[in-house]
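Pulled from TrEMBL, these are the features on record:
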BINDING   GLN39, TYR40, ARG41, ASP42, LYS43, ASN71, SER110, LYS140  4-amino-2-methyl-5-(diphosphooxymethyl)pyrimidine binding site
BINDING   ASP72, ASP91  Mg(2+) binding site
DOMAIN    9-190  domain 'Thiamine phosphate synthase/TenI'
Amino acid sequence: MTTTAIAGVYGITDSTLMPGDALLCKSEAALRAGLRILQYRDKSDDAARRLREAAALHALCRDYGALFVVNDDAALAAKIAAPALHVGREDAPLAELRRHFGGSLCIGVSCYDDLARAERAQAEGADYVAFGAFFPSPSKPDTSRAPLHLLREARRRLQVPVVAIGGIRADNGADLLAAGADALAVISALFGSADVAAAMRRLQALFVLAGGSQTMEES
Ligand SMILES: Cc1ncc(COP(=O)(O)OP(=O)(O)O)c(N)n1
Ligand SMILES: Cc1ncsc1CCOP(=O)(O)O
Ligand SMILES: [Mg+2]
């Protein structure tokens, strides 16, 4: 379980957009601008680099009081005592993760466009569920799509926080919040920008306009 609210901008790293030093520099720029949830998503098989990067991002998130989430890799999360893990259908099953980690780990589950999967995940102890992609995603072009009305239905049927993902930008995110998303997960709209702090402010403004909990940071 986590004490950090799953709400607001949810940043996800991408090694192709942030090679080398850019991973930490861009992540820190987003955290300094107010990012409260950061996921380390790296699809490479370079275990040594993944361990080094995940540990560094975990420490950075601790400094900024943000929730650090490891994507896919439960063993990596365990190795660095990460507070949170995000899993999809290719990853370890939630029930198994709960048996192994107990309630101490915050676990988010990808549910695509599948409300029944989300209800099962909630029953099995997910801390949040994610739906998408709501728009064409530059970072994951072949992923399946989810319709906007799914969020309204999810809001009615679920108690856990709902995260929306996929091609979300400052100019299309408002409808997702109006439909009931608690958090907007973004890669390219945040880390694809040359000015991460400015991108962060544009995304945070969505939550201010929607009357959400995340406030604009002074810059
Ligand atoms: C917050 C959030 N939502 C969805 C995903 C996608 O997870 P998954 O379907 O396992 O796909 P990959 O990201 O592993 O390619 C996510 N990572 N984060
Ligand atoms: C991991 C993932 N799952 C569905 S879309 C996506 C990528 C989101 O990246 P972007 O915000 O650049 O579309
Ligand atoms: Mg995954």
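Quick reminder: no glycine exception, Cβ is built from N, Cα and C everywhere.
Given the structure is predicted, the values throughout are model-derived calculations rather than measurements.
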Quick one: of the binding-site residues GLN39, ARG41, ASP91, LYS140, flag those whose CB is under 6 Å from ligand 3, and say none if nothing qualifies.
ASP91
Quick one: of the binding-site residues GLN39, ARG41, LYS140, which has its CA closest to the CA of ASP72 (Mg(2+) binding site)?
ARG41
Output: those binding-site residues from TYR40, ASP42, LYS43 whose CB lies less than 6 Å from an atom of ligand 1, in sequence order; none if no residue fits.
none
Can you tell which of ASP72, ASP91 has the most other C-beta atoms within 10 Å, given these are the binding-site residues?
ASP72
On average, what pLDDT score does this prediction assign to the domain 'Thiamine phosphate synthase/TenI' (9-190)?
98
Rounded inter-Cα distance in Å - LYS43 (4-amino-2-methyl-5-(diphosphooxymethyl)pyrimidine binding site), ASP91 (Mg(2+) binding site):
12
Spatial separation of ASP91 (Mg(2+) binding site) from SER110 (4-amino-2-methyl-5-(diphosphooxymethyl)pyrimidine binding site) - C-alpha basis, Å:
10
Using a Cβ cut-off of under 6 Å to any atom of ligand 2, determine which of the binding-site residues TYR40, ASP72, ASP91, LYS140 qualify.
LYS140
State, in Å as a whole number, the widest CA to CA span among the 4-amino-2-methyl-5-(diphosphooxymethyl)pyrimidine-binding residues GLN39, TYR40, ARG41, ASP42, LYS43, ASN71, SER110, LYS140 given in the record.
16
Inter-residue Cα distance where the pair is ASP91 (Mg(2+) binding site) and ARG41 (4-amino-2-methyl-5-(diphosphooxymethyl)pyrimidine binding site), in Å:
13
From the Cα of ASP91 (Mg(2+) binding site) across to the Cα of TYR40 (4-amino-2-methyl-5-(diphosphooxymethyl)pyrimidine binding site), what is the distance in angstrom?
15
In DSSP terms, helix, strand or coil for SER110 (4-amino-2-methyl-5-(diphosphooxymethyl)pyrimidine binding site)?
strand
If one measures from the C-alpha of ASN71 (4-amino-2-methyl-5-(diphosphooxymethyl)pyrimidine binding site) to the C-alpha of ASP91 (Mg(2+) binding site), what distance in angstrom results, rounded to a whole number?
9
Using DSSP reduced to three states, classify LYS43 (4-amino-2-methyl-5-(diphosphooxymethyl)pyrimidine binding site) as helix, strand or coil.
coil
